[in-house]
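Below is one structure; the comments refer to it alone.
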Amino acid sequence: MRSMMMEREGRNEIEREVIDDLEETQNEGDDFKSIPPWKEQITFRGIVASLIIGIIYSVIVMKLNLTTGLVPNLNVSAALLAFVFLRSWTKLLTKAGIVTKPFTKQENTVVQTCAVACYSIAVGGGFGSYLLGLNRITYEQSGGTHTDGNYPEGTKEPGIGWMTAFLFFTCFVGLLALVPLRKIMIIDYKLTYPSGTATAVLINGFHTPKGNKMAKKQVFGFVKYFSFSFIWAFFQWFFSGGTECGFIQFPTFGLEALKNTFYFDFSMTYVGAGMICPHIVNISLLFGAVLSWGIMWPLIKGLKGDWFPSTLPENSMKSLNGYKVFISISLILGDGLYQFIKILFKTGINMYVKLNNRNSGKSNSEKDKQSIADLKRDEIFVRDSIPLWVAAVGYAAFSVVSIIAIPIMFPELKWYFIVVAYMLAPSLGFSNAYGAGLTDMNMAYNYGKVALFILAAMAGKQNGVVAGLVGCGLIKSIVSISSDLMHDFKTGHLTLTSPRSMLVSQAIGTAIGCVVAPLTFFLFYKAFDVGNQEGEYKAPYALVYRNMAILGVEGFSALPQHCLQLCYGFFAFAVAANLVRDRLPDKIGNWVPLPMAMAVPFLVGGYFAIDMCVGSLIVFAWNMRDRVKAGLMVPAVASGLICGDGLWILPSSVLALAGVRPPICMGFMPSKYSS
């Protein structure tokens, strides 16, 4: 959901500048002659590289998921790391006098696909949302027994075993749902899949003499800022020996602003994320933070005793926390519903035009206009076909296993709900993948939310919350992975990589991710206070998703006083903001805030929005000084900042589990208390 928002806004400037030069970045004749067989595109060194990159990025995105829930698109960064890893590998072996296979762009594509498939499970596996929403802590934060529809039986504590099994059951079904339609989507409909195309352009560019020189500069920038970020995170650790200690509690704008979450916390992860995200995303985050923590929450807090009982704690769902959660839900639902209808409408019109063109013979004339290189790509893409029976048998087998196993794991979700879900999955997956091909927007979270409300309402009060949350994960996983696979097929089509090797690498990455993601989650869950709304790892979307399920069970009776009217207003604002954005000229519309981005700081606070705006400011200043160099180096520098800070999580987690505490607590207080 959060990465979807950044995908639709973030047409990377590198993509804009080089997309038209795709033909120029490669010697087509040599490329077509030197394509290795599909089995040789998958190598042992490639799987090792994918595993290492997948683990690193799983740790990074898990931290982002459990702190704010906002995850930028890291595919370009993963492609760069894959290139760095394998180019270094081959050079070291060559210097040692060991003969090794040449590093091809097909192998680069396979490694990038496998690594992204691995860490995508950590992003979208529900560890910060629908699965974590089942635990006891989130149940208590949602009001416990004081909230109608929120029953203590509707909980399930996280466990490596059941989480791993659930991921295997749901993810592999989605992997096979749309395989038979790959030719229709990529060749017949010629869907662009902008993220897949951008990744292909980057990889093609790496494997040219000019691109190799550019890559060396990017590698140097990545290593430099990775080292700085890691050392800075290590340095900060020494001063964080308490709950409110360290640089993350630095009162940048004063102590009163600190209380309202307005401060710069020196997080290189979010500075790097801000460099990757478009300026409008970061501005929207800051606008949401000012509106909520700067204006609304202080005003509503002042109405204690009038709008809600003064005896209630602030974190009660019938107190201030209820307004925070449900108003952010209304923004998310308003934005999601608008985008959902818009994409369905756009998909329908586009398909109607395509069918009309085919019937009138226009598609043949378009085919005649294709270049020889395009026709050759199409031929290679079709040549290594994936047998229909493999997809059909695999889909049926995984579906049967899921229909049997998931109701055993979650008795609240009846088997017939799963049967209906798997019957609808291919059509839902096709709709989402087609829309993603046109707009680069993965609407899987919105399909999941629709399933959440329907199942929560149908399953009844006792079972509704669990059925809604698990059903949401089921639909979301199938629909999302189907769309991701089509993005990868587009990348493979443009880099002359076999669809078979792409499917196998996606399957390997998914299998690795289904094991790595739960282990990564438990690293955080055991080492840190995950779910504490006053701490760093708030996991805000776990609370959001559980309350959406309660809303599906109980309706509007779950809301605190006057909250419904505010929710109506913010829902309408989300729809209106999107309408204005789409209808006005780009010069004006592009500056309308994004409701989905605004919703995140409503729960989390304003500190990370300030971090990300610092990242935006760096990119803006860099572009003003040297636009070409900025376009080349920003992704590498941002990736270095994110990876260095993210990798420090591993040693810090080990230290926390071993009971080793930082030696110093650096805190701040008013000068009147200094005596």
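Every residue gets a Cβ built from N, Cα and C, even glycine.
If you look up Swiss-Prot, you'll see 42-62 (among others) marked as transmembrane segment.
For 66-86 (among others), the entry in Swiss-Prot reads transmembrane segment.
Long-range contacts of the transmembrane segment (114-134) within its own chain (CB-CB distance under 8 A, at least 6 residues past either end) are made by residues 3, 46-47, 49-51, 53-55, 57-58, 60-62, 65-66, 69, 71, 74-75, 78, 81-82, 154-158, 163, 166-167, 171, 444, 448, 452, 466, 469-470, 472-473, 476-477, 480-481, 484, 488, 505-510, 512-514, 516-518, 520-521, 530-531, 539, 541-546, 549. What Swiss-Prot lists as transmembrane segment is 114-134 (among others), and the listing cites sequence analysis.
With a cut-off of 8 Å between Cβ atoms, the residues of this chain six or more beyond the transmembrane segment (159-179) that come close are 121, 125, 127, 131, 185, 386, 390-391, 394-395, 398-399, 401-402, 405-406, 409, 422, 425-426, 429-430, 433, 473-474, 477-482, 485-486, 503, 506-507, 510-511, 513-515, 517-519, 521-522. The transmembrane segment annotation in Swiss-Prot covers 159-179 (among others), and the record cites sequence analysis as its basis.
The transmembrane segment annotation in Swiss-Prot covers 219-239 (among others), and the record cites sequence analysis as its basis.
Annotated transmembrane segment per Swiss-Prot: 280-300 (among others), in sequence order. Listed by sequence, the residues of this chain that lie at least six past the ends of the transmembrane segment (280-300) yet keep a Cβ under 8 A from its Cβ atoms are 5-6, 9-10, 70, 260-262, 274, 307, 320, 323-324, 327, 590-591, 593-595, 597-602, 605-606, 608-610, 612-613, 615-616.
Sequence annotations record features per position, and here Swiss-Prot assigns transmembrane segment to 325-345 (among others). Counting only same-chain residues 6+ beyond the ends of the transmembrane segment (325-345), those with a CB under 8 A from a CB of the stretch are 1, 8, 292, 296, 317, 431, 435, 438-439, 441, 443, 445-447, 449-450, 543-544, 547-548, 551, 559-560, 563, 566-568, 570-575, 577-579, 582, 594-596, 598-600, 602-603.
Under the heading transmembrane segment, Swiss-Prot lists 386-406 (among others), citing sequence analysis as support.
Residues or ranges marked as transmembrane segment by Swiss-Prot: 408-428 (among others).
Residues or ranges marked as transmembrane segment in Swiss-Prot: 450-470 (among others).
Sequence annotations record features per position, and here Swiss-Prot assigns transmembrane segment to 504-524 (among others).
Among the features that Swiss-Prot reports, transmembrane segment is placed at 602-622 (among others), with the record citing sequence analysis.
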Practice problem: Report, as numbers and ranges, every residue of the chain located at least six residues beyond the transmembrane segment (450-470) whose Cβ falls under 8 Å of a Cβ in that stretch; write 'none' if there are none. | Solution: 130-131, 133-134, 148-151, 153-154, 156, 340, 406, 410, 412-414, 417, 421, 476, 545-546, 548-554
Quiz item: Between the stretches 42-62, 66-86, 219-239, 386-406, 602-622, which one has more Cβ pairs under 8 Å with the transmembrane segment (504-524) than any other?
Solution: 42-62
Self-check item: Positions whose Cβ lies under 8 angstroms from the transmembrane segment (66-86), at least six residues beyond its ends
Solution: 2-3, 6-7, 10, 12, 14, 45-46, 49-50, 52-53, 56-57, 60, 103, 107-108, 111-112, 115-116, 119, 123, 127-129, 195, 198-199, 202-203, 206, 215, 218-219, 222, 270, 273, 276-277, 285, 524, 528, 530, 536-541, 597, 600, 604, 608, 635-636, 638-639, 642-643
